[in-house]
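Pulled from TrEMBL, these are the features on record:
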{"type": "TRANSMEM", "residues": "A:12-33", "note": "transmembrane segment"}
{"type": "DOMAIN", "residues": "A:67-260", "note": "domain 'ABC transmembrane type-1'"}
{"type": "TRANSMEM", "residues": "A:71-93", "note": "transmembrane segment"}
{"type": "TRANSMEM", "residues": "A:102-123", "note": "transmembrane segment"}
{"type": "TRANSMEM", "residues": "A:135-158", "note": "transmembrane segment"}
{"type": "TRANSMEM", "residues": "A:179-202", "note": "transmembrane segment"}
{"type": "TRANSMEM", "residues": "A:242-260", "note": "transmembrane segment"}
Amino acid sequence: MESRGAKWRWGLLDVVVVVFALIPVLWIMSLSFKTTNTLTDGHFIPREWTLENYKTIFQTDQFVRALVNSIGIALISTLIAVVLGTMAAYAIARLDFPGKGLLVGVSLLIAMFPQVSLVSPLFDIERRLGLFDTWPGLILPYITFALPLTIYTLSAFFKQIPWDLEKAAKMDGATQGEAFRKVIAPLAAPGVFTTAILAFIFCWNDFLFAISLTSTERSRTVPVALSFFTGDSQFEDPTGSISAAAVVITVPIILFVLFFQRRIVSGLTSGAVKG
Amino acid sequence: MADIVLDKVGKQYPDGTVAVRDVDLEIADGEFVILVGPSGCGKSTLLNMIAGLEDISSGELRIGGERMNEKAPRDRDIAMVFQSYALYPNMTVRENMAFPLRLAKLDKATIDEKVAEAAKVLELTELLERKPANLSGGQRQRVAMGRAIVRSPKAFLMDEPLSNLDAKLRVQMRTVVSRLQKRLGTTTVYVTHDQTEAMTLGDRVVVLRAGVVQQVGDPQTLYDHPANLFVAGFIGSPAMNFLSARALDGALRTALGDVPIGDRLRGMLERGEAPQEMILGVRPEHFEDAALVDEAARAKGREFEAPVELVESMGSDKYVYLTVEGERASSAELEELAADAGAADLPAGGANLVTRLSAESRVREGGPYKVWFNLEKIHLFDPSDGRNITLHEGRAAGIS
């Protein structure tokens with residue numbers, strides 16, 4: 001048991017961290033509900049409430065198109081990365097093949113590579129291949145950078161699953177495929193969902209690739225679209241609509257996490273082996 | 001049901017390590033065979049090769065007369081109980097037991113019937129809807145057994161199935177396993193490192209050391225007529241006492257006094273079939289309080305006196321630890337056994353002797369005490385290769 005004093009200190013520290021993290025979010029929300037005239041009045045709680053900003057962004061084609069692009073690109077990239085990552089991670093966790101260490105090393109290297117240095121070459125390559133300003137043009141680099149993450153986290157998950165279960169399934173009459181589908185995959189599910197969330201957030205939040213590899217609304221994602229927001233006139237401040245859009249684009253992430261969180265049941269493998 | 005034949009079966013890993021070397025073994029239909037040995041002796045590898053979970057590098061495995069080397073585990077129709085139980089944590093007890101039947105594509109009514117039957121045998125009926133996480137160790141163990149028996153396979157393979165249970169439960173489950181096997185009459189190969197389990201469960205016991213079969217036989221034969229030092233030291237608890245012995249002037253000089261050499265042994269010594277330096281082995285129960293030995297028996301043995309270090313009274317009999325002078329017997333086998341028992345770093349000193357005397361004995365700790373031992377039951381081993389010199393046509397002949 002920790003002493004009461006220690007508990008209080010930890011509690012206080014937690015509160016400080018949470019407040020520090022949440023204030024900017026709350027500030028953005030507050031801005032999104034303010035009218036143009038009160039935007040800069042410095043009050044945390046808006047004096048005049050309005051939904052005008054939200055109406056505006058959904059009326060502009062610019063934002064809705066970007067939202068569709070973002071959802072589509074992030075979902076497709078996540079799906080492909082997780083499927084490929086699952087297979088690769090399973091092989092890494094279970095098999096001893098030559099060059100395994102090298103493979104894991106290289107994939108980690110990719111994750112650590114500064115993305116900004118890849119932007120110019122990618123820009124050239126994609127323009128020549130006709131991928132520039134298309135969905136695949138963003139999906140490909142996203143998969144590339146999400147894969148190391150998925151492989152690494154998933155192989156850790158697979159390593160936790162007792163190998164005896166797979167042997168038992170084989171003895172019970174399962175083929176390799178059945179053993180994977182009926183025994184291993186259900187147990188790896190929490191890991192797969194966790195990884196899917198991480199990969200999705202990475203794709204959803206990316207700004208660097210999105211701004212460099214797109215040029216029109218055809219494939220521009222929300223983070224980029226936000227930066228192109230302008231007021232109705234040259235003299236109007238777009239802060240209100242940017243804030244509203246920022247609030248809107250956090251919603252899918254929250255939904256995504258909530259949806260998968262229920263599947264991340266901790267201790268799913270407990271009871272499998274000894275006691 | 002079927003017999004299992006291992007014909008010069010061996011396992012060599014790609015890095016050159018030999019885990020199992022040329023094992024010849026015929027397991028009859030319905031027989032209960034135990035593979036026993038210290039950790040790393042290759043017993044689990046051998047079991048996995050029978051199961052099909054590991055490839056066989058050389059030799060042939062036949063189950064029911066059919067070559068199995070290349071067949072996948074699912075095509076061998078044998079069930080396995082794992083040391084870790086390996087229950088599927090996402091399935092209930094019922095689903096766990098039904099899993100092999102579902103894979104065999106049986107219809108639902110048959111599956112329900114078979115699961116209910118197996119559950120009844122193992123007293124799992126009340127637990128059928130529970131998940132493995134909500135079961136005790138003993139219950140999980142029974143589910144693992146249930147999953148094996150439910151589809152009536154040709155053979156059962158058990159990989160130390162009781163080693164994760166506490167001591168009391170292990171003894172209970174031992175009888176459960178034994179009764180179940182007798183009732184079903186299914187060929188069973190059982191791996192354990194516990195010699196008590198090996199002695200009590202099996203029809204026949206196979207003792208393995210470093211991938212080589214040391215001796216195959218029924219438990220009593222292994223106990224009474226061990227083929228070598230390793231088997232002698234491994235089987236029996238407390239273990240056999242080992243002392244160094246030297247043949248000199250027609251007698252055997254040992255820490256327990258001089259022992260006369262019989263004609264057979266003398267002949268062997270003269271022909272150079274036995275070395276001058278040997279290891280004497282005496283089981284604890286072949287000692288007795290000298291005061292309690294009657295005249296007729298006295299002639300068959302020899303008396304000696306040694307200080308009593310410790311007396312453990314078990315009620316039925318007394319374990320008496322004596323300190324005798326003289327060198328501790330040493331050989332590669334004994335060191336391996338000591339290492340396996342975790343006794344390698346016990347304090348050295350005079351050779352310690354464990355004896356089991358009658359409960360009526362008045363032995364006290366401290367002073368010297370007179371103890372008798374039976375000369376007909378002693379063994380002599382060759383320290384260089386561990387072979388039992390006193391073994392004559394497979395029977396221990398003492399030093400006659």
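Placed from the backbone N, Cα and C atoms, the Cβ positions cover glycine too.
Between the transmembrane segment (A:12-33) and the transmembrane segment (A:179-202), fewer than three CB pairs separated by 6 or more residues in sequence fall under 8 Å, so the two stretches do not touch. Long-range neighbours of the transmembrane segment (A:179-202) within the same chain, counting only residues 6 or more positions beyond its ends whose Cβ lies under 8 Å from a Cβ of the stretch, are 74-75, 77-78, 81-82, 85-86, 90, 142, 145-146, 149-150, 153-154, 156-158, 161, 165-166, 168-170, 253, 256-257, 260, 263-266, 268-269, 272. Within its own chain, the transmembrane segment (A:242-260) has Cβ neighbours under 8 Å at 25, 28-29, 31-32, 53-54, 56-57, 63, 67, 70-71, 193-194, 196-197, 200-201, 204, 222-223, 225-226, 229, counting only residues six or more beyond its boundaries.
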